[in-house]
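J.: Copying in the features that TrEMBL gives for the protein in this structure:
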- B:6-26: transmembrane segment (TRANSMEM)
- B:61-255: domain 'ABC transmembrane type-1' (DOMAIN)
- B:68-88: transmembrane segment (TRANSMEM)
- B:100-123: transmembrane segment (TRANSMEM)
- B:129-150: transmembrane segment (TRANSMEM)
- B:194-219: transmembrane segment (TRANSMEM)
- B:239-260: transmembrane segment (TRANSMEM)
Amino acid sequence: MTEQTNVATMATPAVSKTRLPTQWLGVTPFFLFAVLFLVLPTMYLIIGAFQNSDGQFTLANIRQLFLDPSIRASYWVSIKISFWSAVLGALVGLAIALAIVRGGLPNWVRSATMTFSGVASNFAGVPLAFAFISTLGRLGLVTIILRDVFGLNLYTTGFNLLSSYGLILVYLYFQIPLMVVIITPALDGLRKEWGEAAATLGATPWQFWRMVLIPVLWPSFLGTVILLFANAFGAIATAYAFTGSSLNIVPILLYAQIRGDVLNDPHLGYALAFGMIFITGVANTFYIWFRTRSERWLK
Amino acid sequence: MRKGGAWWAWLTFAIGATYFLVPLIATLEFSMRQRNNPVFSLFGQGYSFGVFNNVFGDPRFQQTFTYSVLAAIFTILLGVLIVVPTAYWVRLRMPYLRPVIEFVTLLPLVIPAIVIVFGYIRMYGSNSMLPFLGTTGGTNVLLVIGYAVLSLPYMYRAVDTGLRTVDVPTLTEAAQILGAGWTTIIARVILPNVLIAVLSGAFLTFAIVIGEFTMASLLNRPAFGPYMQNLGANRAYEPAALAIIAFALTWGCMAMIQFLSRYAPRSANRPN
C-alpha cells in the first residue's frame with residue numbers, strides 16, 4: 001500500500017506554486033468547443049440585438065419587438081401555446097404519475113408507463129405532426145369514426161387541428177410523458193412515514209395532502225411546469241411540419257427571418273432571437289431555483 | 001390502498017393510454033389505407049403495406065436516411081471525444097470545475113437549436129475567419145458540430161453518471177505505474193469502464209439526430225428531417241408511414257438504453 005502511494009506520488013509530481021497550470025490543458029478542448037460553437041454564436045446574436053446597422057448601441061430593436069404588431073402577436077401566441085401545453089401537460093402528467101406511484105396499480109403498469117414515457121417524450125418533431133394529422137386531420141381515423149359512427153362532423157363544429165389549440169393538443173404528446181419521467185422520482189421520494197406520522201397526529205387524508213404533500217411537491221411541480229414551458233417555447237419542427245408557416249409563433253417567424261429576412265432588418269432578427277433566449281433563460285433560472293428548493297425535502 | 005389498484009388510478013391510466021395509443025393506431029391505419037391492390041379490408045376500407053414499399057424504395061429516403069445515420073455516428077464520435085476526456089479530467093484533477101462544466105453542458109437546453117444555428121450562419125459564413133459554410137464539406141462538419149452541441153447535455157450526464165461508478169484515481173495510478181500515457185489511460189482504461197454509459201448517451205443522441213429538422217434545414221443539408229417535412233407537404237399516405245418508422249426508431253433507441261442499463265454497474269468498488 002505504501003509502495004503504491006509512493007509510486008503514485010512520483011508519477012504525479014507534487015504541485016508547486018510556481019508550476020504552470022498545465023492541468024487546464026485537459027479541459028481546453030471542451031471550453032474551446034463550448035466557446036466557439038455555443039457561447040460566441042449566441043453572444044454574436046445578443047450583441048447584434050443591441051446594435052443598429054452602423055454598429056452603434058441601441059435599444060430600438062428591442063423596443064421594436066413590442067411595437068411591431070406581428071412580432072408582438074407571435075410572442076403572445078408562443079407564450080400562450082407554451083403556457084397551456086406546460087400547465088395541462090404537468091397536471092395530466094402528475095395525475096398519471098400519482099396513479100402509477102400511489103394508486104396501487106400492478107407493477108407492469110408502472111414499468112410500461114415509464115418505458116412509454118421515455119419514448120414519447122423523445123418522439124417530437126416532424127413525425128409527431130404527421131401522427132396527429134393521421135388521427136384528427138380531415139381524413140384522420142378519429143375524425144372519420146366520429147363522423148360515420150357517431151354522426152359528429154368535427155370540422156363543422158369549428159374544430160381546426162391546424163390552430164393554436166390543435167398545436168397544444170399535439171405538444172401534450174411529449175409534454176405529458178416528460179412530466180411523468182421527471183415527477184415520478186419526486187413522488188417516489190415521498191416517505192411513507194410522513195403519512196403515518198400525520199395519521200398518528202389525527203390528520204385527515206385531505207389535511208395530509210394540503211399540509212404535507214402539496215407543500216413538499218409544489219417546488220418540483222412548479223419547476224417542471226417551467227421546464228415544460230421552455231421545452232415548448234423553443235420547439236419548431238412539429239409546428240412547422242404541422243401548419244407550414246401559417247401559424248405565427250416566434251420560432252417559425254425566426255425560421256422565416258433566417259431563411260429570407262422577412263423582417264427586412266437583420267438586427268430585428270437578432271432581437272427576435274434574443275427575446276427567445278431571454279424567455280427560455282428566465283424560465284430555466286426559475287427551474288433551477290425551484291429544483292434546489294425541492295431537493296431540500298426529496299433527497 | 002386496495003389490492004389491484006384504486007379505481008381512480010385505473011381510470012387515469014386508461015384515459016392516458018387512450019390519448020397515447022389512439023394516435024399511433026390511427027397513424028398505422030392511415031399509412032395502410034390503399035385504394036389499389038388492397039391485401040385485406042375492414043369496414044369497407046382496403047388496406048395494404050404498399051406505402052412502406054414506396055417509402056423504403058424511394059431513393060431520396062435512402063439517401064437522406066443514410067446521410068442522417070452518418071451524421072449521427074459522427075456526432076456520437078465527436079461527443080465522446082469531447083465529453084469523456086473532459087469528464088474524466090474534471091473528476092480526477094479539477095473537481096471544483098464541475099459546476100461550471102455542468103452549467104455549460106446544460107446551456108443547449110436553454111438556448112433553442114434555432115438560435116444556435118442562426119448564430120452559426122451569421123458567424124461562420126464564407127467571408128468569416130472560420131468559413132465553415134463556404135464549402136459543402138465544411139457545412140457537413142458544422143452540422144455535426146451543431147448536433148454534438150444539442151446532445152451535449154445528454155452525453156455529459158450519461159458519462160458523468162458512468163464515471164461515478166468508477167474508481168478514477170486508483171485506475172489512473174495503476175495505469176501510470178504500468179507506464180500508460182494519458183491517451184492510453186482514457187482510451188483503454190477509462191472508456192471501457194464507462195462504455196455502457198457512453199452507449200446510452202449514444203443511443204439518445206442517435207434518436208435526437210436522426211429526425212432533426214431545424215439545423216439541417218437551415219444549413220440546407222439533405223438530412224432525414226427536412227426530407228420528412230418535404231414529403232409531408234406533398235404526399236398523403238407516406239408521411240404516416242414515416243411517422244410509424246420514426247416512432248419505431250425512437251422506441252428501438254430507448255429499448256437499447258433500458259437494455260444496457262441492466263448491465264451498468266451500480267457503484268464503485270471503492271468510493272472515489
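Glycine residues also receive a Cβ, built from the backbone N, Cα and C atoms like all the rest.
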J.: Are there residues at least six beyond either end of the transmembrane segment (B:6-26) with Cβ under 8 Å to its Cβ atoms? List them, or say none.
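T.: Counting only partners 6 or more residues beyond its ends, the transmembrane segment (B:6-26) has Cβ contacts under 8 Å with 244, 247.
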J.: Pairs 6 or more apart in sequence, C-beta under 8 angstroms, 3 or more of them: is that satisfied by the transmembrane segment (B:68-88) and the transmembrane segment (B:129-150)?
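T.: Yes, these stretches are in contact.
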J.: So, do the transmembrane segment (B:100-123) and the transmembrane segment (B:194-219) meet, by the test of 3 or more Cβ pairs under 8 Å (sequence gap 6 or more)?
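T.: Yes, the transmembrane segment (B:100-123) and the transmembrane segment (B:194-219) are in contact.
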J.: Could you give the residue numbers and ranges of same-chain residues that sit at least 6 residues beyond the transmembrane segment (B:194-219) on either side and whose C-beta is under 8 angstroms from one of its C-beta atoms?
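T.: 68-69, 71-72, 75-76, 79-80, 83-84, 113-114, 116-118, 120-121, 133, 139, 142-143, 146-147, 150-151, 154-155, 157-159, 161-163, 166, 225-226, 228-229, 246, 249-250, 253-254, 256-257, 260-261, 263-265.
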